[in-house]
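Over in TrEMBL, the protein carries these features:
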| type | residues | note |
| --- | --- | --- |
| TRANSMEM | 21-39 | transmembrane segment |
| TRANSMEM | 51-70 | transmembrane segment |
| TRANSMEM | 105-124 | transmembrane segment |
| TRANSMEM | 131-149 | transmembrane segment |
| TRANSMEM | 161-179 | transmembrane segment |
| COILED | 174-205 | coiled coil |
| DOMAIN | 240-370 | domain 'GGDEF' |
Amino acid sequence: MSPAGLSRLLFGADPKLRRMLSYWGATATLYSAFIVMLLNVGNRHLIERQAVLGLAVYGACGMAATYLLVRFGSRLGLTPTVLAALQGVFGISCNMYAYSIAGPLRGATLMGLMVVVVFCTFALRPRQTLVLAAAGLACMGLTMWWHQARDPVHYPPAVEAVTFAIMAACSLTVTLLTGEMTKLRARLKAQKEELMKAVETIRTLATIDELTALANRRHMNEVLAQEERRHVHGAGAPDRASCIALLDIDFFKQINDRHGHAAGDEVLRGFAAAARTELRANDVLARWGGEEFLLLLPDTGEAAAKSVVERISARVGRLLVDGVTEERGISFSAGLTARRGAEALADTVNRADKALYQAKSSGRDRVVVA
Ligand SMILES: Nc1nc2c(ncn2[C@@H]2O[C@H](COP(=O)(O)OP(=O)(O)OP(=O)(O)O)[C@@H](O)[C@H]2O)c(=O)[nH]1
């Protein structure tokens, strides 16, 4: 099996699961280091080696069980909160075990409680972390109380009481601070989401013409540049050039003057909607300026392109716009041309512009092919 396959088998493919298992890995490493240190001390007869081995077995079984729970928890319907709580409870029990066998070193084992709390903040809400920390304190308090009642010589009650008070103060402070951190993380996440939405809106506004919802001139220039690159890399159909048409609504000033600017806007919207219905998915129509539109028809021969523009013309001729009663109807003139060889598309656009000028000067409502 490849290393990637093994990693997928052990840690799954879901990034959330992989993150949870990486936290599990960090705690497992910490437990192992801690047990190795205790074994080392055990070798020097400061604490019972047999008891440390018992803790090692308990820790290893618990870590294996928590790994399986996290790895396959979603199939068992266990939420991240339940998994974190289970790991927290296991961590507390390890702490109680370690405190009970660590003899003169037992004070050092109390640090483990803070680590349990800090790890759980990644999955628990501040209040849940507080409950877990309180449960941890209660369990440790009971363990200390039981030892001082059973063996007051080795566990002097005053020492145990002071140790507990210091641990309670530290644990509470850590819990409150991690709670603040959790709130901060939640706020950052919300801000990030808002920012993503704003970026999406800006991206839309930068590419779309607000009035007609067509591509705007800026975006069309990018599309033209892409089209040039596509042909340079040989992705375009070699036997069919792309065509460019410039479409300009006729007597638009008159429509504005007679029926008002709002009605003129309505005509622009109607024109855009009508034209769009006649286009294929990869044709691009953009508002080039005012009442002028640029149409790019990739991999389309001149004859096919002309029939597309004529179909648009027929549809626009049937347009009914509220408040606009033009006897001659709504029409446009168009200049159409095919790209010649590898010429710059700016040159193709210029030729289409000249053809449009001819269409206007020869009576309007027609397509001139250059
Ligand atoms: N309502 C509206 N009018 C606009 C908009 N942009 C440009 N115009 C108007 O469009 C008109 C264009 O007028 P002209 O360039 O003389 O063109 P025309 O009247 O269509 O004449 P021909 O093109 O020669 O047929 C101007 O009056 C502009 O103010 C817009 O977004 N909304």
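Every residue, even glycine, has its Cβ placed from backbone N, Cα and C.
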**OP:** Average the pLDDT scores across the coiled coil (174-205) and report the rounded value.
**Re:** 92
Original post:
With DSSP, how much of the domain 'GGDEF' (240-370) is helix, how much strand and how much coil, in residues?
Top reply: 58 helix, 29 strand, 44 coil
Original post:
Where else in the chain does the transmembrane segment (21-39) make close Cβ contacts, counting only residues six or more beyond its ends and a cut-off under 8 Å?
Top reply: 10-12, 47, 49, 52-53, 55-56, 59, 63, 66-67, 70-71, 87, 91, 94, 98, 101-102, 105, 112, 115, 119, 122
